[in-house]
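Below is one structure, written out as structure tokens; comments come after it.
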Amino acid sequence: MGEEYEVEIGPVAHGGHCIARTSEGQVLFVRHALPGERVLARVTEGEEGARYLRADAVEILDASKDRVEAPCPYAGPGRCGGCDWQHAKPGAQRRLKGEVIAEQLQRLAGLTPEEAGWDGTVMPAEGDKLPAGEVPAWRTRVQYAVDADGNAGLRRHRSHEVEPIEHCMIAAPGVSELGIEERDWSGMESVDAIAATGSQDRMVILEPRPGARLPLVELDKPVSVMRVEEKDGGIHRVHGRAFVRERADGRTYRVGSGGFWQVHPMAADTLVKAVMQGLLPRKGDMALDLYCGVGLFAGALADRLGDKGAVLGIESGKRAVEDARHNLAAFERVRIEQGKVEAVLPRTGITEVDLIVLDPPRAGAGKKTVEQLVSLGARKIAYVACDPAALARDLGYFRDGGYKVRTLRAFDLFPMTHHVECVAILEPAAKGL
């Protein structure tokens, strides 16, 4: 490590870096660079003879027109690993994400953007269209790491080392106003700060180091306090509520500590709108909400299916299932089952459905689950994905099972990072013949 190469930067790759080659043909994955630039790249990971090396652009010799000075003082080689594209204009960030989606669709599913019903654009979330130079403060949940001196900060890229910070520019106002960075967190491994979008609820989750005592938490705003137990890794209440209240599509959702909710304040509404516009639910439909979390899409479906419609949600997390059942208790024809999708589905006895929504974790649904879904003959399927590679792979499985992507929409719900959210709508291929 530490070797330096002067290289021409090639295309963007999945993961927040660009591809380059040394004069000897060695592949470099280079962070802090942009396509078309000439940079001095310093190797940060990998050994001679490896299939590829990781590197940072430590000097820009010929800059792209899309380059800007990173607004965050903690961005750059060897610094905070939270953001990937601080050095790129917002429009360029979205274009790069679109190029990654297109490459993954072609490589893993054999689909062009046109064949996927996608116009190639990545849309910003509402409220993120800001004047030049302004950074969207969107992250409603920030996991701060704590260094040996008790300073809160963020992890450096692919490292356990902590970059102490005074302020995270992409943290939502509700997180920033807690003043996490101003406190001494000695004895803590991490401090997870959550600011709900649909209420004034605030929560911090403290993870103590082995044998450490919990500090007295005095923050700038009222806050619930939870702790991660050393023995079982479970999250337990110390003070206040054990949940926050979020709001989307006109409905309030209880989200327990450790539960999943989209971190961009507009993400839940954006995704519900895209899914419902794609599915066009009808009164009386039977629908599945898979990997349903606290019931976001199940609630949206139930509101639209009427008294004769029905929704089955499946979720593996015990606390998320409890929250989903609480959130949707008013609907007699909504049922939430706990377990892995591929295990629970066969036990339900369901042989056909009208609509399916799946929002799997980053690894995607996988071949076995896709085959199960195809057998149900749904009129439409909405696939919500946070990883273009897993999405593309699974779309290939759906194609093999007789389904075709009718539309695909991409949303920049993680500005400054390489992450992107997609919603694909599928229908039986025979429908288009």
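Glycine too: its Cβ is placed from the backbone N, Cα and C atoms.
Record note: Swiss-Prot gives Gln262, Glu315, Asp359 as S-adenosyl-L-methionine-binding, and the candidate from Tyr253, Tyr291 in that site is Tyr291.
Each of the recorded positions Tyr291, Glu315, Cys386 was scored by the number of other CB atoms within 10 Å of its CB, and the largest score is that of Glu315. Within 8 A of the CB centroid of the S-adenosyl-L-methionine site residues Gln262, Tyr291, Glu315, Asp359, the other residues of that chain are Phe260, Cys292, Gly293, Leu296, Phe297, Pro360, Pro361, Val384. The [4Fe-4S] cluster site is defined by Cys72, Cys80, Cys83, Cys168, and by the 8 Å test on Cβ atoms against their centroid, the other residues of the chain that qualify are Tyr74, Ala75, Gly82, Gln86, Leu154, Ile165, Met169, Ile170, Met416. Considering only the recorded positions Cys72, Cys80, Cys83, Cys168, Cys386, the residues lying within 10 A of Asp359 (S-adenosyl-L-methionine binding site) on a C-alpha to C-alpha basis are Cys386.
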